[in-house]
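Copied over from TrEMBL:
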TRANSMEM  B:12-37  transmembrane segment
TRANSMEM  B:43-64  transmembrane segment
TRANSMEM  B:96-119  transmembrane segment
TRANSMEM  B:125-150  transmembrane segment
TRANSMEM  B:157-178  transmembrane segment
TRANSMEM  B:190-213  transmembrane segment
């Protein structure tokens, strides 16, 4: 077992959005989160990564998670290689060549991250997951602004990660071609609206 | 940790990094003061330690909101919080990087700028020493203020209001040590109190800042 959620409830801005979410990811397993905008996918992923507390329930395995959110965490005034090398050092791993190779970033190695296109930045942000050395990838809309070829690179990287015994939890709207991935529709776990007259948010 | 320090220092000295902002402000203040209060040497000499300390403090304040705001905006802070580095260490390293890029240049420049304010001879060493002891406290307290306001848009004003009262003890004892040094009096007591403030801030505030950051990231 890599990551387990038991009966997790999460809130955003004091409003409960998801209730009773449970899932188990083992080695080599991937799960795709689906749900309409505002259904709480990002909130759930942040809770899984330990960035925000859960309202109820339990998350085990948060320390194995590498998180990738909407922002890529890139410094415009550092080169592609410097950005990646920093994250490798921060996670205590070494060697960025494999990650550069996996996302075809080698030709951009000396370019400043600020001069990259949106898709190239995203590729660099995703390459960061490879240098973290963490077994569970938690990805929030990873394919935004990627073209078809880059989506294929991403799918190949995820498949390689799963093949090496990793796990992935991905919130996405598009089909990644990961046929083995299970799908969890968070709309089924929408939290009940608080009863009228309840002023819990003000307490 | 070392990688984070290197990254922050490198970012500070590259284009748009804000290195030299505080130094330029400090220079402007000390150059303009003689024009504003008149060129009488006696009057300038008596206010020089206080002006230099106040200038250094405000110069420090100017660059505080960069400590966390930039990392918050581009998502790095989320990623750092999920990295294996303890958040307390992240805060301490970022405050250290701020001191290297803002505090240390001020300490080095202050004796040179003291000449412009006709600081009396014995005062140069004590000004230098009091700034060297006191500016780390300014960076660490400032990092706490920056952590408190990191999630707010345009939080700079609120941060200044929060941080200024916390800066007062450092300013009082720092400027007092420099003044007493310039007048040839004993400086041990204010220097010790200044050192105590710095040591206490360094020991405690990274923990408070990290706790505040965790709340801000929710």
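Heads up, the Cβ atoms here are built off N, Cα and C, so glycines get one too.
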- Message: Can you see whether the transmembrane segment (B:96-119) and the transmembrane segment (B:12-37) are touching - at least 3 CB pairs under 8 angstroms, only pairs 6 or more apart in sequence?
- Response: yes
- Query: Hey, which of B:12-37, B:157-178, B:190-213 has the most Cβ-Cβ pairs under 8 Å against the transmembrane segment (B:125-150)?
  - Reply: B:190-213
- Item | Contacting positions for the transmembrane segment (B:157-178) when only residues 6+ beyond its ends and CB under 8 Å are counted | 49-50, 52-54, 57, 61, 64-65, 123, 126-127, 129-131, 133-134, 137-138, 141-142, 144-146, 148-149, 187, 190-191, 193-194, 197-198
- Note on the structure: Sequence-distant contacts of the transmembrane segment (B:12-37), meaning Cβ under 8 Å and at least 6 residues beyond its ends, amount to 43-44, 47, 51-52, 54-56, 58-60, 62-63, 66, 97, 101-102, 105-106, 109-110, 113, 116-117
